[in-house]
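K.L.:
Below are the structure tokens for one structure; questions will follow.
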Amino acid sequence: MIFLFLFLIAKETDLLPSFDFTGNLNYLTIFAIGLVASTSTCMATSGALYLSLINKSQITNSNLSKAVLFNAGRIISYGFFGLLAGFVGQALITNSGFGPFLTLLAAIFMILLGLDMAKIISIGKIIPSSLNKSIFLRLEDKIKMYPNKAPFFLGAITYLLPCGFTQAVQVYALGQGSPIQSAITMIVFALGTVPALLLIGSMSSLTANKFYPYFLKVMGVLVFVVGFIYFSNFTSLYGININPFSKDTPGVSNSATIKNGTQTIEMRVVTSGYLPNYFTVKKDVPVKWVINGENVFGCQAYLVVPKLGIQKTIVAGEQTIDFTPTETGFINFSCGMGMYRGRIEVIN
């Protein structure tokens with residue numbers, strides 16, 4: 001009963017690893033992916049670098065300082081590259097040609113990552129990493145010439161180490177299309193690897209635990225499902241819905257108000273997408289679609305309405321789209337990557 005109570009509290013406060021059916025992962029899930037990555041071969045070189053900096057035979061203030069600097073370098077570096085990925089993703093999403101490609105790329109990487117975590121395939125054998133490794137080795141030699149600054153900068157360049165987990169999460173961050181969200185995602189992922197580095201000597205006991213393989217399987221399935229949802233978002237951009245759990249409509253339509261011969265529908269652009277996202281309008285009556293941009297830093301900031309030929313970048317504040325529906329049926333709309341969707345129903 002106590003466990004059930006704690007589970008419900010964690011669920012309500014979003015403290016459980018989870019995702020929604022748009023493909024969004026919460027930060028605890030990202031942290032858990034980082035934790036899993038830290039027990040994989042991804043950490044082999046990072047762990048070796050970390051151990052080379054400290055005196056393993058005793059605990060000293062110097063060791064503590066080096067450990068803090070090394071991990072601080074990792075976290076700041078991951079956050080910086082996440083920020084860059086967010087800016088790149090934001091630019092790509094607002095280009096109708098790149099939005100679907102970015103969705104498909106994120107789907108492929110997340111599916112591969114899920115299969116890797118479930119121990120079905122090895123992502124390291126699929127994703128090329130020789131270029132990153134070459135750059136890392138060159139930087140490592142330069143950094144070691146400055147011993148006082150070495151821990152921080154060695155931690156920072158571990159981002160360049162070949163790791164399928166890092167690359168997959170980076171593509172996911174890219175797909176968020178928000179510099180802040182992408183930076184936080186990469187920071188949380190890096191934080192997930194910190195416990196393993198600080199307790200590197202005892203991590204073998206964790207991975208040897210009989211329940212650990214089951215934890216990996218569950219996390220692998222979770223990430224695989226996220227990849228599938230991203231793929232369904234990609235197909236939805238072309239009018240094909242393969243996700244049985246997608247919510248194109250909330251079940252209740254919002255009828256337009258008519259004034260002076262014009263129908264008006266109002267929609268807010270928020271963090272979770274479009275609210276409301278289901279409208280009813282009348283055929284052959286002009287429509288004024290009032291859009292209020294409250295959160296315009298992600299996929300939701302680029303609105304695509306294929307049937308009307310509309311591709312619009314949503315900015316902060318109020319803006320309008322005017323059109324006249326000439327036939328009954330549904331007018332579907334979505335963000336540039338298909339993560340957030342809705343529809344306008346046209347009736348007689």
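Cβ from N, Cα, C; glycine included.
TrEMBL feature annotations, pasted as is:
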TRANSMEM  25-54  transmembrane segment
DOMAIN    29-228  domain 'Urease accessory protein UreH-like transmembrane'
TRANSMEM  75-93  transmembrane segment
TRANSMEM  99-118  transmembrane segment
TRANSMEM  152-174  transmembrane segment
TRANSMEM  180-200  transmembrane segment
TRANSMEM  212-231  transmembrane segment
DOMAIN    255-344  domain 'EfeO-type cupredoxin-like'
K.L.:
Under 8 Å between C-beta atoms and at least six residues away from its ends: which parts of the chain pack against the transmembrane segment (75-93)?
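P.N.:
Those are 99, 101-102, 155-159, 170, 173-187, 189-191, 194, 297-299, 301-302, 335-337, in sequence order.
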K.L.:
As a test: from 152-174, 180-200, 212-231, pick the stretch that has the greatest number of Cβ pairs under 8 Å with the transmembrane segment (99-118).
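P.N.:
Ranked by Cβ pairs under 8 Å, first place goes to 212-231.
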K.L.:
Per DSSP, how many helix, strand and coil residues does the domain 'EfeO-type cupredoxin-like' (255-344) have?
P.N.:
6 helix, 54 strand, 30 coil
K.L.:
If you average the pLDDT over the domain 'EfeO-type cupredoxin-like' (255-344), what number do you get?
P.N.:
89
